[in-house]
């Protein structure tokens, strides 16, 4: 993964031509799936094999740029003010300044591509910066996802690409991507500008841990942030359907960002407040043998100790028969070919937590077919001698076991969603409301004892040390499938 932003060599910038587009299209078709916005594909060897900057450039004439901006699907300039949790971010302020000084919505003329940093099933990701920010002033860096509509159309995945951009426009959460701008570079290329995450992804970070697994406090921290992101998505009626460590990126401040929404399912939700009710005789007006003054004291004590109402928001009519996901993380109802709903995210969350703690997924087989059989038939088992048997470890195993119930109706989270998961004793030591202000286990670029970076410091000049080598899973372990 790219842990640092090095000063790029000035590439040769060329115009987009039909021949160049065709070469880029063929290159996009062969891009390995499941790469993140800060993928290891940005290593020197990968760049040598695919010099994408020789094929894709935004150095167009002013008239062409204005024409492209006029046909852009970028939101109007006023929409850049609708991100309250990013109000103090330097990267967002730079976007806002560029938008207000431009006569047209942000478009291809406003960005300069630096290098290719990754690729996915429906697009290629580039490191980029605003042209209005001089290089000598350490400009803010962004990740631009470029989708070749012709290549995606050949794969019959145009609907997925459109759904992902539609979801990105709705999101406003500290642990989810911010869509800074979206526009068309040419009639065939659609671009989305998002935050660049210099810390890589959780899969690569796990492989740098001792024994290739996270200590329990670190796993709890990352799982809690992912939990809050899923809670927000479900509140918006979005079933994620692609949770795995490769899709959890590390921001400059060490907090996470969930990414890749092309497999997500949109539905409706009905938020409500759910709380336990008192069923004592005295609460219901029944007779009691206690004196009145003792009853008044008991009622006051119960009122103080009574649990607060919990916010519940789960997609209410999200049902799909699509066979989508990554083999090791799909729920039994998906593996068996049945219909599924929001409960698939809680199954994947259990697999995700299992992998963070134990260094592997619980049902992996020698082949993808064996993995799917294990998911449907094999009971959950925990590795022996994998750690302590203290209360914290017992809580982790209990939470995982409840999340990995093969019956979706019995699965933790299937009834009250994240409210049930958040109340589990595993998260008792965390203040989830203040999680964003907590120091993450790993802060990119910060040494021992260093103060945590603020998210806006992704705009600072990064050290020029090369990124550490990463270990990736076998191709069949992370390959996604989508049979409709």
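Backbone N, Cα and C define each Cβ position, glycine as well.
As annotated by Swiss-Prot, active site, proton acceptor applies to 242. Look at residue 242 (active site, proton acceptor): DSSP puts it in coil.
Per Swiss-Prot, ATP binding site is recorded for 117, 118, 119, 120, 121, 122, 123, 124, 125, 145, and the stated evidence type is sequence analysis. DSSP assigns residue 119 (ATP binding site) to a strand.
Residues annotated as compositional bias 'Low complexity' in Swiss-Prot: 472-484.
Per Swiss-Prot, the feature domain 'Protein kinase' maps to 111-427.
Per Swiss-Prot, domain 'AGC-kinase C-terminal' is recorded for 428-484.
Among the features that Swiss-Prot reports, region 'Disordered' is placed at 445-484.
When pLDDT values are averaged over the domain 'Protein kinase' (111-427), the model yields 86. Each of the recorded positions 121, 242 was scored by the other Cβ atoms within 10 Å of its Cβ; the lowest score goes to 121. When Cβ atoms from all protein chains are considered, those within 10 Å of residue 119 (ATP binding site) total 26, not counting its own.
Residue 117 (ATP binding site) has a Cβ environment of 30 other Cβ atoms inside 10 Å. Of the recorded residues, residue 119 (ATP binding site) and residue 242 (active site, proton acceptor) place their C-alpha atoms 16 Å from one another.
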